[in-house]
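Undergrad: Annotation comment: Swiss-Prot describes LEU128, GLY150, CYS183 as S-adenosyl-L-methionine binding site, evidence class sequence analysis.
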Amino acid sequence: MRDIVIIGHKAKTSGDFSLNDLPGSAGRMDILCRCVSSALFLSFGMRRDVNVHLLLLGEPDPGKIIRFEGLHLRYLNPDERSSGSLIQKALLKNAAGQDIRSTPGVWTRTGDLNSLLASFEGRTLLYLREDGKDFREIAREIQDPVFILGDHTGVTEEEEKQLLEAGAQVISVGPISLHSNHCITLIHNELDRAEAERGEIPGGNISRPED
């Protein structure tokens, strides 16, 4: 299982936004929508072993968590408007501390970063930062990972403190800063290649060069 957390600091926490203006009226919700697509879609299918968690911290009610479960997800297309519509439907639910299903495979609840991290107890937490350890060096040893990414503003000092206190390793996918959705694609590629080397992907045939 792969879980991916994206923190949206300005992402609106009510459903009264326009699907035609996700960058503006929805508080850069377009960034989160692109992350959802990069995390879940394959060329001719969907990654059923991936969950995406969107932590929305914008107005008017900061602290909403929307979860996309790849195993059960339906009605999602690769375009931003499609994922934006599912997010909007989730936000129109009267979310509380317990998960509420809005559409098949999409759940919503209230919560903050600490409560979200607590739900991953026992998992391998990996926090992406430009100066982190090269993920390529450890991708083959990682099991049951949870990746945490910021939006276009990164993460705050307080959020980083919470991540490090929770035991998150700091990793990087390359020497330059990339968009969050591009980082997700690179993460998947490294893990896919590692699984292919181990024979865990049907038809996979990638040989690792001799050291």
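In case you wondered, yes, glycine gets a Cβ from its N, Cα and C as well.
Looking at the shown structure, what environment does each listed feature sit in?
TA: If you draw a 10 Å sphere around the CB of LEU128 (S-adenosyl-L-methionine binding site), it holds 23 other CB atoms from the protein chains shown.
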Undergrad: Given that the record lists LEU128, GLY150, CYS183 as binding S-adenosyl-L-methionine, what is the largest C-alpha to C-alpha distance among them, in Å?
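TA: Overall maximum Cα spacing for these binding residues reaches 11 Å.
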Undergrad: Centre the Cβ atoms of LEU128, GLY150, CYS183, go out 8 Å, and tell me which other residues of that chain have a Cβ in range of the S-adenosyl-L-methionine site.
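TA: Same chain, not in LEU128, GLY150, CYS183, Cβ within 8 Å: TYR127, ARG129, PHE147, ILE148, LEU149, GLY154, SER180.
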